[in-house]
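Peer 1: Structure in structure tokens, see below.
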Amino acid sequence: MPWIQLRLSANEDNAEKYSDWLSACGSQAVTFIDAKDTPIYEPLPGDEVIYWSNTVVMGLFEASHDMDKVISYLQSIHPDKEQMRYKLEQLEDKDWEREWMDNFHPMKFGERLWVCPSWRDVPDPEAVNVMLDPGLAFGTGTHPTTALCLTWLDGLDLQDKTVVDFGCGSGILSLAALKLGAKKVIGIDIDPQALQASLANAERNNVSDRLELYLPKDQPEFKADVVVANILAGPLRELAPVIIEYVGDKGLLALSGVLEEQAQTLQTIYGQWCDMEPVSVQEEWVRLNGQRK
């Protein structure tokens, strides 16, 4: 069945309202995407969500839907119909699931580590292979911040080490650490769905017996040999006293989800507790590394 996609330009103040409007008009699905390649929105405790400052809200309609009527309705309720920016696109009829799956390939990080979708053949059976499908939560290796952290983990000797994955998302960093030899990983995330995804992915990779998962309110007191936090600069700044408490004596720390212009502030903050190294850069994103003093 062919489809019509309606794209609306929005911002963090009106994105959710636009979503409601599209649903009211009969959209079969509503999707938010980032309009300017900024980080994925950061969920907050509770139900509050911060959207990107430049967001595209996309509604998917059956081709037979009266789109003139939809546009007229949206313009009638828009506070400034002259400023309502939209685009209509006809999507060809194809196997969208197959199209989506074809976009994901095994990816190598560092010298040993591969992340492989379950429907692809493993390129190197002797390598460290994490089987992970794009799904419930952010973090499947395709974003530079995740790639930076995976490459860092690959370069460490994690044999019998303990690791904290702060903001674990899909669990990709936890799984990588466990597959690379860590004896125990504690994953922490504010999103229960992320914890569900991490557990499911750990079970698929046969490492769930060494993974503990917690919401922040339940997180234990714990000192780790290695701490990795791939979130965003704001939470990394605000939660610095919490994150640093997980880093044991001479423990290693990696921070990502940070743009180049945000790095110096975080270097200064975490430099109170750690000997910080020069940042690693991929595209416009950085990873900060340090060792507890």
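Backbone N, Cα and C atoms are what each Cβ position is placed from, and that goes for glycine too.
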Peer 1: Just to be sure I read the record right: T146, D189, N230 are listed as binding S-adenosyl-L-methionine in Swiss-Prot. Which of G110, G167, G271 is listed for the same site?
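Peer 2: Record source Swiss-Prot; matching candidate: G167.
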Peer 1: Take the Cβ of N230 (S-adenosyl-L-methionine binding site) and count every other Cβ within 10 Å, whichever protein chain it belongs to.
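Peer 2: Other Cβ atoms found within 10 Å: 26.
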Peer 1: Based on the record's binding annotation for S-adenosyl-L-methionine (T146, G167, D189, N230), what whole-number value in Å is the widest Cα to Cα distance?
Peer 2: 15
Peer 1: Name the residues of the same chain, 6+ apart in sequence, whose Cβ is under 8 Å from the Cβ of G167 (S-adenosyl-L-methionine binding site)?
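Peer 2: Long-range Cβ contacts: I188, D189, I190, A229, N230, I231, P235, G257.
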Peer 1: Validating a neighbour-count step here. Other CB atoms within 10 A of the CB of T146 (S-adenosyl-L-methionine binding site): how many?
Peer 2: 25
